[in-house]
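According to TrEMBL, the features are:
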{"type": "BINDING", "residues": "A:Arg46", "note": "NADP(+) binding site"}
{"type": "BINDING", "residues": "A:Gly283, A:Lys298, A:Pro299, A:Thr300, A:Pro301, A:Ser302, A:Arg325", "note": "FMN binding site"}
Protein chains: 2
Amino acid sequence: MNRIGESITLTLFGASHDSRIGCVIDGIPPGYPVNVESITADLELRKPSAGIGTPRVEADVPEISGIVDGITTGCPVVITFSNSNTRSSDYEQLRRIPRPGHADYPAVSKFGPAHDIRGGGMFSGRMTTPLVAAGALLRDLIGSLGISVGSYVTRIGSVVDTNTYDPADVLTRSRTNPLRAMSSGIEDRMRAEILVAKSDGDSVGGIVRCFATGLPAGLGEPFFDTLDGEISKAVFAIPGVKAIGFGEGFAAAGLRGSENNDAYRIQNGSVVTLTNHAGGVLGGMSSGAVLDFSVAFKPTPSIAKQQMSVDLLTREDAELSVKGRHDPCIANRGAIVVEAMTVFTLADLALRGGFLV
Amino acid sequence: MNRIGESITLTLFGASHDSRIGCVIDGIPPGYPVNVESITADLELRKPSAGIGTPRVEADVPEISGIVDGITTGCPVVITFSNSNTRSSDYEQLRRIPRPGHADYPAVSKFGPAHDIRGGGMFSGRMTTPLVAAGALLRDLIGSLGISVGSYVTRIGSVVDTNTYDPADVLTRSRTNPLRAMSSGIEDRMRAEILVAKSDGDSVGGIVRCFATGLPAGLGEPFFDTLDGEISKAVFAIPGVKAIGFGEGFAAAGLRGSENNDAYRIQNGSVVTLTNHAGGVLGGMSSGAVLDFSVAFKPTPSIAKQQMSVDLLTREDAELSVKGRHDPCIANRGAIVVEAMTVFTLADLALRGGFLV
């Protein structure tokens, strides 16, 4: 369904070429501040970067209701955006000839001829705009617990950032970098990787690493509504996500328990771990350490190169070169969307667990 | 919470050292066959293997109610198991001195002194017994759509199986191998890897690859209740899971769109893909190709080696060597649990999507 969450729910509506898209956020406790500037700032991080993004540019000015004098009232908050820069004619043939790697074929199989094919309909990356606004709006809520969420891009195609960074540094520094890289040197290499793919009529994938600092221990509702499970469900809703791993992730499979376990120590009267191979999650709950997970985005499926497809009407093989306007890489724009879904999930779990009232 | 699912719900109850553990499965349509032999067969695959598993052996005989003459009636189905082989005295000190890498510390932080510490309480791998029974019970339901679910172990510690297998072959062959490996040669190397770790008082992790064949296109309920997201949430509830990836998973980040996209062709009048880099998921829905994902299990946190921990009562550093009875590796026993959570999720999504009535 188009709703996620339990104590706080997020309902998404609209489609890529609808007149409006938006979301309803219900269950926010009354009395929390909402900073429209921080919503705008997060939306800026989702916009296509000069030279490497889609030529489709939208103003992305949020219209917000349910807030009085910058304070939540307990009412549902509604955030909408107008779509003005659409070219629906680019898409009609995709109903017959589905794009490889895109949602077209399963969507037409599921929804039939009524499926909104324009711009990918509800499966468009455009739908992540309200998600980013919702996440930004809830940052103050989890901020009241001392929780901050940030991310950076660790990989674009063959360019891999293997450096180690202080999570607190990531929270601020990667926001000033257009590609969400942690240094201008790596940014330059990542930009080149994207531009070479673009000039080939192709695309590249990437990896986003997300941190949340300041979590109390015990966030998450086992057995099934775990911290890692709820974040994963929320993150897999983001178009293009193919994998998620917490802490060591897949690499944990190659470790011994004595290497992977994080030793506890008392520091200044508090329980800390000397390492964080667990990524801040134990038994489906926050351990009190920094939440640390990585998310893989596939290369954008819409590419100019000719691809093999089928004509669903004549049931014959067909060829396709995708028109329309697309990003040659979505991982860097996806970073703020990963943050948004993480903020949302942490806010919902904080309310469910009685950490917020 | 201890309930998962929407059209079919699975509610889990009990704890590792409770007298009974079990689950309630609600929403199964009436008239479907339930094969107790196949439940027993799946439970056998969860039992510790000779020589490499925990010394704790339970009979694991399911008591099932809500079934008449082997047919579901529409009533909730309840499956319970008795716990008879428990040694709770092994665990009391863990309330004060939490095991590194285990749920002890976040659980005590969240639930306080009332937390059931015996055998890990509700965070024990023992809780996966009812999950396996529930999955086995629902195999006939999705089998009526032609869907089959199977898995095998691709990695234990440093032993990696890089071979490619036909999914149909995996569905049958890995069930006959005690380590869920695809060949006796690899099984021998994996067993040796586990036994060496065990003799060191240590443990190792592993990776399980899961297939589902026969899925119709369009299973999954975007925007948020996606096929990949719902499977991930269900799989992260399994103790010890740290990562999941669909198709190419994290490797998709290093590919070009032209490499990662799966070309469509018409074969015998049907739409097929020539490759399956997407792992059978596009836009949060099944593509009609084989569902293919991998799951990483961390090395078992309970190890005999001395580890650094803390005394939560005195707030001082402490040392710990875990007593009790544990597996030096859980990935091979975890494979059937991954299958169970996958079967459950597919059954729930099939009902939600109108594929089953």
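Every residue gets a Cβ built from N, Cα and C, even glycine.
When the C-beta distance to chain B is held to under 8 angstroms, the binding-site residues A:Arg46, A:Gly283, A:Lys298, A:Pro299, A:Thr300 reduce to A:Gly283, A:Lys298, A:Pro299, A:Thr300, listed in sequence order. Following the DSSP three-state reduction, the secondary structure of A:Ser302 (FMN binding site) is coil. Its Cβ taken as reference, A:Pro301 (FMN binding site) is surrounded by 27 other Cβ atoms within 10 Å in the chains shown. A:Pro299 (FMN binding site) has a Cβ environment of 32 other Cβ atoms inside 10 Å. Between the CA atoms of A:Thr300 (FMN binding site) and A:Arg46 (NADP(+) binding site) there is a gap of 16 Å, rounded to the nearest whole number. Long-range neighbours of A:Gly283 (FMN binding site) (same chain, six or more residues apart, CB within less than 8 Å of its CB): A:Pro222, A:Thr226.
Rounded to a whole number, the distance between the Cα atoms of A:Arg46 (NADP(+) binding site) and A:Ser302 (FMN binding site) is 19 Å. With the fewest other Cβ atoms inside 10 Å of its Cβ, the least crowded of the binding-site residues A:Arg46, A:Lys298 in this structure is A:Arg46.
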